[in-house]
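What follows is a short report on a single structure.
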Amino acid sequence: MSGFTQNDQVAINTIRALAADVVGKANSGHPGAPMGMAPVAHVLFSRFMNFNSKNPKWINRDRFVLSNGHACALQYILLHLAGYKVSMDDLKSFRQIDSITPGHPELGVTDGIEVTTGPLGQGISNAVGLAIAQAHMGAVFNKDNFSLIDNYTYVFTGDGCLQEGVASEACSLAGHLKLGNLIAIYDDNKITIDGDTAVSFTEDVEARFKSYGWEVLHVEKGDDDVAAIEAALKEAQKTKDQPTIINLKTTIGFGSLKQGGHDVHGAPLKKDDITQLKKKFGFNPEETFAVPQETYDIYNAAAEKGAKAEADWNALFKQYAEKYPKEASELTRRVEGRLPEGWEKALPTYTTSDAAVGSRKLSETTISKLAEVLPELVGGSADLTGSNLTRWKNAEDFQHPSTGLGSYAGRYFRFGVREHGMAAICNGIAAYGGLIPFGATFLNFVSYAAGAVRLSALSHLRVLQVATHDSIGLGEDGPTHQPVETAAWLRAVPNLAFWRPADGNETSASYLVSILSQHTPSVLAFSRQNLPQLANSSIEKAAKGGYVLEEVENADVTLVSTGSEVPLCLEAVNQLKSKGIKARLVSLPCFEVFETQSREYKLSVLPSGAPILSVEAYSTFGWGQYSHDHFGLKAWGASGPYDQVYKKFDLTPEGIAKRAEKVVSFYKKRGQPVFSPLISALDDISDE
């Protein structure tokens, strides 16, 4: 390669000037990192990246992740120059309402954005997932002379990202897995929002990554030594059995009067600063958003090279399809996001004659059945495989072949004790395409992964989190492990389905809907203790998120519950019946899915006419939308055998029946109509 010309320097300076203009026009943002990283961004996009801006979804494109959320303007500038659907007007509307250039890159908003970043550490962790997905897909589909899936994942990261714990989790695993397709460029400018990193971050990053098993390269003059940048990237590509991090020494805000300091990190440049910067770089200070034709020419050539690469790939795939029609058909199906015909028939069904077992065991059975019919289903546990019960028979581990522990074709991941990294990596796997990932831990420790779970929902990624040990029912482990509050925050996250099945049919329904929900992540909460199979449950009913389990005419009260408390409520219904109190029972395994049902259906499940009592061994927060009275926990859990813990909090059939009697008595004394809590939520007051 090499052969850099004055036009390359013009392009680099164009990126710097555009960064100042983009952030200045928005009067918000971070100009410093884009200005400092302009040289490496230019070298990467003009000479290394394989992409087709006219088809941003080409499966074998190189992936680019901007993990450093403070450089978000840089990504939009690069997409504009490279011919993606980011116009100059879009750059001028940076950080504005409903723009395609939001404050931080979001998957699904802008063509060319691979993952949603912004919260530091998430992007580099997503990049590990993208690299894992490529390694797996390549191992499954590549044949001799047919290297169909061989793209690289490039990620820009910074001091902030590398201080986040999630980055350490993901990068440690990446080193273990020897992901040679992953290349990180570390923007070592020694500045964070608080100032010089000397105040908080003085570790030897290169030594740290060497200890992870990464190849570590170093470029001392990242501000202008484009030949050294190019050489480092070429060296990184040669390394096949290690991820690579390039320590790139840069000056934040290069060219600004404030360069090298934290003042240029998180605020627009002053007008006089922009003027001198443009003069220094050979631009007319009176012009804004200027791009010389020679810069467009360089990036047009890169886009044309990428279009040719895809055309060559399509020709190769045609030959592949002739020789390997079955594999070609399977790859096409996966890339298009279609599920195998009739896959749902593998879901197990249950009757009351089947044994009572913990729903984590029911989950294991379901995963085992699905693994046979959904080859795109991949996943694993955060060092709790034997407790989460997520590994199916004959599963192969995803490992570098040299370890003798598995291969890249393996579908089961050993995430280690890395809950947050696991969830963030799963986001990257889902974003790659062609795979449906799941992670697993105890429900309480999904809280450790909260940042990544939130981004699953924001990114509309189909990621499943298998969360066992779902309540005070785990018993002796005590309050540290009992997720009293976890369900409330998961239910509050937009576009996230939290499932808590009560038996086998509901467990199958939770997997059915989660896998069909292509743009919604799910957390599936399963019990440790045994649960009986319910007489009136079915996959079809539970798939609506809520349904009537026991109906009675002219009911005095409706009990609504989830998971392991449903059978307790069923016993309470029978006790109430013996006392002359008619009680209905509703199972509501998933609020999110129930909310998508019609008004008529929801009111048939939770109607007016009688009070509604919710019962759940969690905080009662959030139940006001469905019930008049809420019976649950007002404290942390307790340590002891699970049945004794339930008894301590009066969550027994007797305790539930007693509470229901009080509710019935209270509402009868009022002598007023009892309207479903859904009425106010469903009424369209905008027409009044």
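From the backbone N, Cα and C atoms, a Cβ is placed for every residue, glycine too.
Nobody curates TrEMBL annotations by hand; they come from automatic prediction.
For His30 (site 'Important for catalytic activity'), the same-chain residues lying six or more positions away in sequence with a CB closer than 8 A to its CB are Val23, His70, Ala71, Cys72, Ala73, His265, Gly266. Look at TrEMBL and you will find His30 (among others) tagged as site 'Important for catalytic activity'.
For His30, His265, Arg360, Ser387, His469, Asp477, His481, Arg528, the entry in TrEMBL reads substrate binding site.
When Cβ atoms from all protein chains are considered, those within 10 Å of His265 (substrate binding site) total 21, not counting its own. Per TrEMBL, site 'Important for catalytic activity' is recorded for His265 (among others).
Averaged over the domain 'Transketolase-like pyrimidine-binding' (357-533), the predicted model has a pLDDT of 98. The feature domain 'Transketolase-like pyrimidine-binding' is assigned by TrEMBL to 357-533.
Marked as active site, proton donor by TrEMBL: Glu419. In sequence order, Ala382, Gly439, Thr441, Phe445, Val446, Tyr448, Ala449 are the residues near Glu419 (active site, proton donor), counting only same-chain partners six or more apart with C-beta under 8 A.
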Check: Sorted by position, what residues of the same chain at least six away from His469 (substrate binding site) have a C-beta under 8 A from it?
Finding: Arg360, Ser387, Phe442, Leu443, Asn444, Asp477, His481, Phe526, Ser527, Arg528
Margin query: If the substrate binders are His30, His265, Arg360, Ser387, His469, Asp477, His481, Arg528 per the record, what's the largest distance between their Cα atoms, in Å?
Written below: 49
